[in-house]
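Engineer: The structure under discussion is supplied below as structure tokens; questions concerning it will follow.
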Amino acid sequence: MERVASIMYLYPGNQEEYKKRHDALWPEMKEALKAHGAANYSIFLDEKTDTLFAYVEVEDKAIYDKIAETEICQKWWKYMAPIMKSNPNNSPVALDLKEVFYLA
């Protein structure tokens with residue numbers, strides 16, 4: 001398993017809405033994540049800066065990245081775009097992080 005981490009950014013005033021939407025994550029989106037090798041997916045929030053820290057373990061990063069091509073992922077992005085910084089294609093603005101330490 002490969003560990004993948006990134007940072008994303010909420011627009012101010014959307015912390016509760018972000019949590020609400022993820023608490024009700026669409027079953028089709030859950031299925032797509034699992035089908036693309038995602039496991040142990042967590043998202044943490046820095047409440048002072050509206051910064052999100054996402055962590056997911058993936059079987060194969062290349063396969064996981066293909067989720068972006070799915071209709072359900074693009075629909076999810078469109079749904080989330082009004083409450084977080086997003087690219088022109090509605091994907092979240094995300095900064096991939098480099099792992100610098102791991103303790104098994």
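Here the Cβ of each residue, glycine as well, is placed from N, Cα and C on the backbone.
Keep in mind that this is a model prediction, so the values were computed, not measured.
Here Swiss-Prot flags HIS22 as active site, proton donor, drawing on sequence analysis. Taken from Swiss-Prot, the feature substrate binding site covers TYR18, TYR41, TRP76, TRP77, and the record attributes it to sequence analysis.
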Engineer: Taking each of the binding-site residues TYR18, TYR41 in turn and counting other Cβ atoms within 10 Å of its Cβ, which one has the fewest?
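Structural biologist: Across TYR18, TYR41, these binding-site residues, the one with fewest Cβ atoms within 10 Å is TYR41.
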Engineer: Just counting, how many other CB atoms are there within 10 A of the CB of TRP76 (substrate binding site)?
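Structural biologist: Within a 10 Å radius of the Cβ of TRP76 (substrate binding site) lie 22 other Cβ atoms.
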Engineer: Just name the winner among HIS22, TRP77 (the recorded positions) by count of other CB atoms within 10 A of its CB.
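Structural biologist: Output for this query is TRP77.
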Engineer: Greatest CA-CA distance (Å) over the residues TYR18, TYR41, TRP76, TRP77 that the record ties to substrate?
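Structural biologist: Between the outermost Cα atoms of TYR18, TYR41, TRP76, TRP77, the distance is 17 Å.
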Engineer: Rounded to the nearest Å, what's the C-alpha distance separating TRP76 (substrate binding site) and the residue listed as 'active site, proton donor'? Just drop the number here, would you?
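Structural biologist: Here the two Cα atoms lie 10 Å apart.
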